[in-house]
Amino acid sequence: MKSPTVILTPLALFISPTIASKAYGGLDNETKTFKTLVAVHGALMAFCFVILFPLGATLIHVLKRQSVVWFHGVWQIVTLLIALVGFGLGIYMVHHSRLNVSLWKSFNGHPVIGTIIIALLLIQPIGGAIHHSLYKKRTSSTCSPGNVEHESSNTTTRSTYTTRTTPIGHAHRWLGRLLLVLGVINGGLGFQLARESSIPIIVYSVLCAILFAVWGLALFCSLPIL
């Protein structure tokens, strides 16, 4: 069982950076090891929230095969596992490093926002599974085997899976979009916290711009299912 200290560390950092900076010993935040951990943490989380999660969310609207539902689920769960690794590194750094007071003296909610995002992401697979189960039951009760629309049909112009959503499906979709946006914003807070040079920030900003352009186009092409 995890100690209360590990669980409450992000909250302590959020409320009182100065106290938290004096409370932990271990890795020096100026060492090569610490900087490597910061870089790996940032790379994993950026890869998940800027590339993998958006791509997995977009494909379900673009592809027209029934199998895309399972592909979407597996893709997002694998991405979540990668994000959990990155999150674990973040918790490790917070708990085992001697945090510099000057690094934390400005208000920055990165640790707490990240914890909330990960906690909510953990319920996303459950919501998706419930939606899929309800959708299948509703489809089987309203459509006979002879007239069920298949997503591979040549006349299908949009995924029938997403056009016949459920209330839980709507909640699942909009929570995912909210967490994606929050994750991107929190990444920016992470760069601020780590005091990164301009080059990583520029690369991150460009990737985010591409992400929202592609994501926005995919949503625009499926406006009736928003």
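All residue numbers here begin at 1 and follow the chain in the order shown.
The backbone N, Cα and C atoms fix where each Cβ goes, and this holds for glycine too.
If you check TrEMBL, you get these features:
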| type | residues | note |
| --- | --- | --- |
| DOMAIN | 40-191 | domain 'Cytochrome b561' |
| SIGNAL | 1-20 | signal peptide |
| TRANSMEM | 36-57 | transmembrane segment |
| TRANSMEM | 69-92 | transmembrane segment |
| TRANSMEM | 112-130 | transmembrane segment |
| TRANSMEM | 174-195 | transmembrane segment |
| TRANSMEM | 201-225 | transmembrane segment |
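When Cβ-Cβ distances below 8 Å are used as the criterion, the transmembrane segment (69-92) is approached by residues 6, 9-10, 37, 40-41, 44-45, 47-49, 52-53, 55-57, 59-60, 63, 111, 114-115, 118, 121-122, 124-125, 128-129, 132, 161 of the same chain, each at least six residues removed from its ends. Long-range contacts of the transmembrane segment (174-195) within the same chain, counting only residues at least 6 positions beyond its ends with a Cβ under 8 Å from a Cβ of the stretch, are 38, 42, 45-46, 48-50, 53-54, 57, 103-104, 106, 108-110, 113-114, 117, 120-121, 124, 127, 201, 204, 208, 211, 215.
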